[in-house]
Amino acid sequence: MDEAAAAEAVQLIDGEGEFAADSAERFMAAAGVAGCGLSYAVVSIMGPQSSGKSTLLNQLFGTNFREMDAFRGRSQTTKGIWIARCVGVEPCTVVMDLEGTDGRERGEDDTAFEKQSSLFALAISDIVLINMWCHDIGREQAANKPLLKTVFQVMMRLFSPRKTTLLFVIRDKTRTPLEHLEPVLREDIQKIWNSVAKPEAHKDTPISEFFNVQVTALPSFEEKEEQFREQVQQLRQRFSNSIAPGGLAGDRRGVIPASGFLFSSQQIWKVIRENKDLDLPAHKVMVATVRCDEIAHEKFSCLTSDAEWMELESDVQSGPVPGFGKKLGYIVDVHMQEYDKEAIYFDEAVRTAKRQLLKSRVLNLVQPAFQKMLAHLRTRALEKYKTELNLTLESGKGFAAAVRDTTESNLNEFDQGCADAVIEQADWDYSKILEKVRRDVEDHTLSIREGKLSELTNHAKEKLRKALVEPVESLFDAAGPSTWASIRNLFKRETEAILPEFQKNLAGFEMESATSEGMVSKLRDYARSIVENKAKEEAGKVLMHMKERFTTVFSHDKDSIPRVWTGKEDVRAIAKDARSAALKLLSVLAAIRWDEKPDKIEKILTSTLLDGSVTSKSKGASASSDPLASTTWEEVSPKYTLITPSQCKSLWKQFKAETEFAITQAVSTQQAHKRGNGRLPPPWAMVAIAVLGFNEIMTLLRNPIYLFLLFVGYLLVKALAVQLDINREFQNGVVPGIISVTAKLIPTLQNILNKVATEQQQQQGHHQDAAAEAPQQQQPPPLLLSPRSPMSELRRPLHMPFSPVRKAVSPSPSSSSSTVTSPRNAGEDQKPRQMVQPDNESNNAYSIV
């Protein structure tokens, strides 16, 4: 079989309705259909004129049906019914291209051929493609609805039921998804089926018994050719093995063998031609619908690609565009006028409806740009309001007046900007965005107001805190009978100075009197809380303050000079005065006294704790009781109680225990002073010493050398004491000091003797040299050991502390120029040492040795 010859289209029925039997026979022979038996399928297509039926068949099946030349205008291309065989599709598939409906060549009245050809296609086809525009879905006079209704009626009256596949091909699909279009189309088909009058045998038969309805959609061939071709190739796959079970061909009952297909078709057409009373409505409205949809789609596409619109849309993304409303309105108006010019000759109702649809699409397209413009205006209005409000407040204007003036000017400016952005073609309402701007302004105003009020309040609190904390603390340190009176006066003076100024600052906010008074009252309460908190803080340290007060009074006299306990002071009376002063401090800190009403706290504490007893008298009887065995004070509110009576009793007990030592020390100091003044022995002892030691005294007087030796021994012992640093050694205790001194005594003595011998030899050699050079100069003999001699060597093994430079007067010029330092090795002892400066006696000891 020649595939090119088989794909060649042949006219089966001419434009006058005559069946072309000769050409049909040649096609059957050339295409090889007659020898296919039952393995073949028939596909036909129907739809409006110039809707692209032939183009779809050629793209889908590889045929060469004649297509319309768009450059020559839209006119009838296919006349009658043409037939061809598909190329490359198995099984054998015969395709019929029907003349388009509602063509102007036949006119509105002569529609019999359209009805007959459609009925013929339904009668002999396994698959019927119904070509329709996407915009026709849901319209009463579109999508071949009247034609289908008539076909359903005639088909059931002429033929036995046969299940035919109706494949609705939606052309020029829009952005609406297919799953949303298909239910609407199926609902329309079901309504047509329900409205058809049926024979009694098929009165309740569902449409699914006669038709297998399927829906597909394709994009525009002219605008999206590549996408169109791709989806057509996908649709082509559905026609492979179409007659197999579950295939696209559907029910195969009553299929005529291929050899009898031509004869059967001729007889069916004959019966259809004889039935001339079929009356299918014209499709004038449908044509107008399709054409107006095309024009509207074209103008919408022109708008989306318009250079002015694209530039305007780009500019508004980055910021507000001056004259936005005028520019946008002009662009929209141009494209709407072009639609009116092209659609003026079509049905008015359809034209108006499509114009409204186009206008809605256009406004939906440009509205985001309008909303963006409003967003820019909103942002600019809020920022300008913030700036102007800050400048107005800095100029010293009242807060409420500044907010009122700034808000009014900025909202008016924003409203004018929104009005300029609206276009004439739309009735866009910007009241919501205006309300949002108003809320933005109010929120910012509230935030600034709260900040300013908080700043004023904090400033006033800081002034109150500085004015009260330190003075109150000072008053508590010097607590006395008038402490709380002074605190009340201080509180009154400072609050009367600060609070009126605060209330004056609040006047600029124009708030209600009750609110202003409430804020002042809170500030006054804050001042009270400062005093109360300070009182609680000092009450928590009352024991320490009592001890400090006791120490001050007990250890110092009336002139604040430290006492020297000589034994003449009355320690008992002084201790009682000191305890009385501490007790007065306790009574001051026992409660907060905001009123001038006197209380008995000090009297109770004095009589109970200081005197040691108290007697309470009541009417008719007297009984002894402890007034401190309670948790409240008389005539004092519990909330103002800082230290309860029972706590005072406990504190006093602890206070006495901790101050007892100071009293004991004072008494001990007096006794020691008395003993120190009686250091000389009694007269009788002095007489006994004179009598019994008379011989020894006379011996010393007769032999002065003994006195000299005794004096030298004293100096030597003194020098050893200085070298051994006796005071430092005995700091750690008597026993460790004795052990340390004993261990160092012999080495120290040996070192001293060695150094004395070495120094003597050096001095003798020096004097001999000096005598040889200057015999005329007479020098006194050198001392055995001079205090200017280097002592570091002597002190190093003794671990002596740092000693400053010692100087001694000597007639020798060589000795007068020498200085000696003895730095102590820091690595031997990290503990800082006291400087040791030998006295005159130690210097003499060095000289004599």
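Heads up, the Cβ atoms here are built off N, Cα and C, so glycines get one too.
Taken from TrEMBL, the feature topological domain 'Cytoplasmic' covers 1-680 (among others).
The domain 'GB1/RHD3-type G' annotation in TrEMBL covers 37-252. Restricting the average to the domain 'GB1/RHD3-type G' (37-252) gives a pLDDT of 79.
As annotated by TrEMBL, GTP binding site applies to GLY47, PRO48, GLN49, SER50, SER51, GLY52, LYS53, SER54.
The topological domain 'Cytoplasmic' feature in TrEMBL is assigned to 726-849 (among others).
Taken from TrEMBL, the feature region 'Disordered' applies to 758-849.
Annotated compositional bias 'Low complexity' per TrEMBL: 758-777 (among others), in sequence order.
Positions annotated as compositional bias 'Low complexity' by TrEMBL: 809-823 (among others).
Summarising the annotation, TrEMBL assigns compositional bias 'Polar residues' to 837-849.
For the recorded GTP site, residues GLY47, PRO48, GLN49, SER50, SER51, GLY52, LYS53, SER54 set the reference point as the centre of their Cβ atoms, and the other residues of that chain within 8 Å of it by Cβ are GLY100, ASN131. When other Cβ atoms within 10 Å of the Cβ of GLN49 (GTP binding site) are tallied across all protein chains shown, the result is 22.
Here the Cβ of SER51 (GTP binding site) has 22 other Cβ atoms within 10 Å, regardless of which shown protein chain they belong to.
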